[in-house]
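If you check Swiss-Prot, you get these features:
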| type | residues | note |
| --- | --- | --- |
| DNA_BIND | 97-105 | DNA-binding region |
| DNA_BIND | 130-138 | DNA-binding region |
| DNA_BIND | 155-163 | DNA-binding region |
| DNA_BIND | 183-193 | DNA-binding region |
| COMPBIAS | 138-147 | compositional bias 'Basic and acidic residues' |
| DOMAIN | 22-91 | domain 'H15' |
| REGION | 1-23 | region 'Disordered' |
| REGION | 86-204 | region 'Disordered' |
| MOTIF | 162-166 | motif 'Nuclear localization signal 2 (NLS)' |
């Protein structure tokens, strides 16, 4: 029994009919498309896809899905920037993107040491007596002569003088009750004035 060796199996025939995709990496094709288009405003996804289709003869059926995925990944990693739905290469001379909010102020070494010393001093319990209220007295100069107090007025100290205790000799006896009046009861008001008696001279 003879076999035809020139015919392969059905699976080999089917695999030979499938197109083989030997494509460069998508990030490489995307960067080449943006550089070739050279648009100062960037390129959108549709323009990049059309440029890749014009340069590559065979593309996989999921070409747009793969293109969207790689564009998103390149934007996250900073390889591309997106401005108004257009992709472009970042400017190498541009300053780094500033984050939100006010940047923290960098402390110098002296400020850091002072802050650390303040924290340590606050944790140590102070053994000094508590400071009284008010302004502390001004320190006296030992070279200055002592100032004498100037007494003005009568020299009497302020305030009410202390009450002096009474002695036995100064004790005043209580007045005796007035004797009961035996005469007529005195009426109210001022008593009438008594007129003086005029004595006639003798021999008139």
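Just so you know, the numbers here start at 1 and follow the chain as drawn.
A Cβ is built for glycine as well, from the same backbone N, Cα and C atoms used for every other residue.
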- So what's the average pLDDT for the DNA-binding region (130-138)? 74
- Message: Within the DNA-binding region (130-138), count helix residues (DSSP H, G, I), strand residues (E, B) and coil residues, in that order.
- Response: 0 helix, 0 strand, 9 coil
- Task: Kindly report the helix/strand/coil residue split of the domain 'H15' (22-91) according to DSSP, in that order.
- Result: 38 helix, 7 strand, 25 coil
